Amino acid sequence: MTRRAALSALAVPVLSRAGLGAVLLALAVLAGVTIGEVALPLGLVGDLLAVKLLGIERALDPIEAGILWSYRLPRTLVAAACGAGLALSGVVLQALVRNALADPYLLGVSAGAGAGAVAVTLLGLGGGAIGLSAGAFGGAASAFLIVALLAKAAGGGPAQLVLAGIAGSQLFNALTSFFIAKSANAEQARGLMFWLLGNLSGVRWPDVSLALPVVGLGFLVCLAHVRPLDAFSFGSGAAASLGIAVRRVQLVLIAAVTLMTATLVSLVGSIGFVGLVIPHAMRFLVGPRHARLIPASALAGAVFLIAADIAARVLIPGQVVPIGVVTALVGAPGFALILIRNRRRS
Amino acid sequence: MRIEARNLGWREIVRGVSVEIRKGETFGLVGPNGSGKSTLLRLLAGLMPRAAGEVWLDGAPLAQLSRRQIAQRLALVEQFADTGEALSVRDAVDLGRTPWLSPLSPFGPEDRQIVDRALAAVGMEGMAARAWATLSGGERQRVHIARALAQEPRVLILDEPTNHLDIHHQLALLGLVAALPVTVVMALHDLNQAMMCDRLGVMSDGRMVACGKPAEVLTPDNLARIFRVRAQPMIDPSDGSTLFRFLPMETST
Ligand SMILES: Nc1ncnc2c1ncn2[C@@H]1O[C@H](COP(=O)(O)OP(=O)(O)OP(=O)(O)O)[C@@H](O)[C@H]1O
Ligand SMILES: [Mg+2]
């Protein structure tokens, strides 16, 4: 078989899997936009798409169409981007630091992003979504740096990394509280606290146009690095002897993770456990090779967070539960399972 | 592939090692624990940060090759390399193809055949689907060797490759390595196995204190001085080869 024939033989299962993934994602989005306090008919979605995308005239209920188009759809798309981005960040961090417990939340990256975003909001350094994201990026990058250096200084073992992550999270959460106590009025404080718990209520179209490109870019960067990520399985020394430019790969991937986490935290607050639990579930389903793990985790993360957002909206009638609370309710037991499984392995 | 090292050093642990290893040669490194064998092997593979000295592969300075170019020429099997990932044996050996793959030439049937041959060369073809975590120490070692073979290197650097192997697999591995048409540099502890190398370098306290044909280097005198053992050379009457019997030194130090 020639290389070309082999390529096309490979392309068929890859394409059919990508197709399956797209269908699953579309179904999840459909559920996300129709289920809620006001259940919307499926037919409305078709009609609305015909009007918005094809320019066909249809008679629509303006209130229902408004809920669907300006509220539910952006919210669901951002939830999908968020779930995919956090799951990807988890996969990449776990591979790079060779630690099953690494994820942006536990390593303090989310806390750093939160502190950065709050600082920008309250201290009035630059404005708008971009300024907020830049602040979050600065916070996330400093948190990662501090945690990584602390873990290294403490001996560099897996337990040290997790402990350094706790220290980092505590430090940056304390900074956040300090900024809020110092500069926010009561109403701002309540809003910020609610946002920090993870909240999609305020999401509108401009947020979509920030979240989707950033997560799309992050996904492509991860996809381009599936082999280097595999090569890290036996450590960075082994990766180097397999021809990986270790420093460059680490830098590019950590930048991608920091950018995704920072952007998502600045939009919807910090949502825990997605980056931890989704990659593990996917390792269990599709195995540890990143060529499958990366797309599977992105898809599962997106679907999971759409589902969590639906749950957040319908769990208590008339009340929206912060989505971070829903992911923690599902994620904490998942985390416990990972701990137990890890102990058995070692 | 010819390897030349000039004045290699790393901190105080390896000092001023110069050596030339010829194309196709099987070069053994021996020396007591902590004498710098593993560090020297990593220096030869270009893996130590802030190293002193220079290495040339077929006249090309290692420092001017990219990691990928080095990995296409040289494979390294380290003393301790483990993973917590639930990789299968085949997954681990597939990694050896990494330096040859790119988005334009993804893993294809030729790569699969190379991996199959590498698995067969170490007798692991029947265990390709086994999970890494379930392998014994010797099986893991053989998978590492297969991974290095799948890299199709022209230089193979092995750190105590016979470690953990049963006697059958030790001999099979040394036979395999000797028959490969590549340059091999390996650290060994068993001095009788070291006798099978074309040449030996003896490390002691970070320096290469002797280098040459095994019989010239492993003299009872050297063995007493460097390894602190009394060595009794014995001749195998069937083929006239030399074996050592080791006894403790008479005077304690
Ligand atoms: N990264 C490091 N930092 C500090 N010291 C090191 C480092 N790596 C190795 N050493 C020390 O350098 C010395 C040589 O180590 P090396 O691993 O090269 O020895 P070796 O000859 O391979 O020993 P063995 O036979 O036990 O494998 C040892 O004393 C070791 O403790
Ligand atoms: Mg050693």
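Every residue gets a Cβ built from N, Cα and C, even glycine.
Because TrEMBL annotations are produced automatically, they should be read as predictions rather than curated entries.
Positions annotated as transmembrane segment by TrEMBL: A:77-98, A:104-125, A:132-155, A:161-181, A:202-226, A:251-278, A:290-308, A:320-340.
When each of A:132-155, A:202-226, A:290-308 is checked for Cβ pairs under 8 Å to the transmembrane segment (A:251-278), A:202-226 comes out on top.
Of the Cβ pairs linking the transmembrane segment (A:104-125) with the transmembrane segment (A:161-181) and spaced 6 or more residues apart, 3 or more are under 8 Å, so the two regions touch. Proximity of distant same-chain residues to the transmembrane segment (A:132-155), defined by a Cβ-Cβ separation under 8 Å and at least 6 residues beyond the stretch ends, is recorded for 104, 107-117, 119-121, 125-126, 161, 163-165, 167-169, 171-172, 210, 254, 258-259, 261-263, 265-267. Most Cβ pairs under 8 A with the transmembrane segment (A:290-308) among the ranges A:161-181, A:202-226, A:320-340 are made by A:202-226. Beyond the ends of the transmembrane segment (A:202-226), by six or more residues, the same chain brings 70-71, 74-75, 77-78, 81-82, 84-85, 88-89, 91-92, 129-130, 133, 195, 249, 252-253, 256-257, 259-260, 263-264, 267-268, 289-291, 294-295, 298 to within a C-beta distance below 8 angstroms of the stretch. Here the transmembrane segment (A:161-181) has Cβ contacts under 8 Å with residues 97, 99, 101-102, 105-108, 110-112, 114-115, 118-119, 122-123, 139, 143, 146-148, 150-151, 154, 188-189, 192-193, 196 of the same chain, all six or more residues outside its ends.
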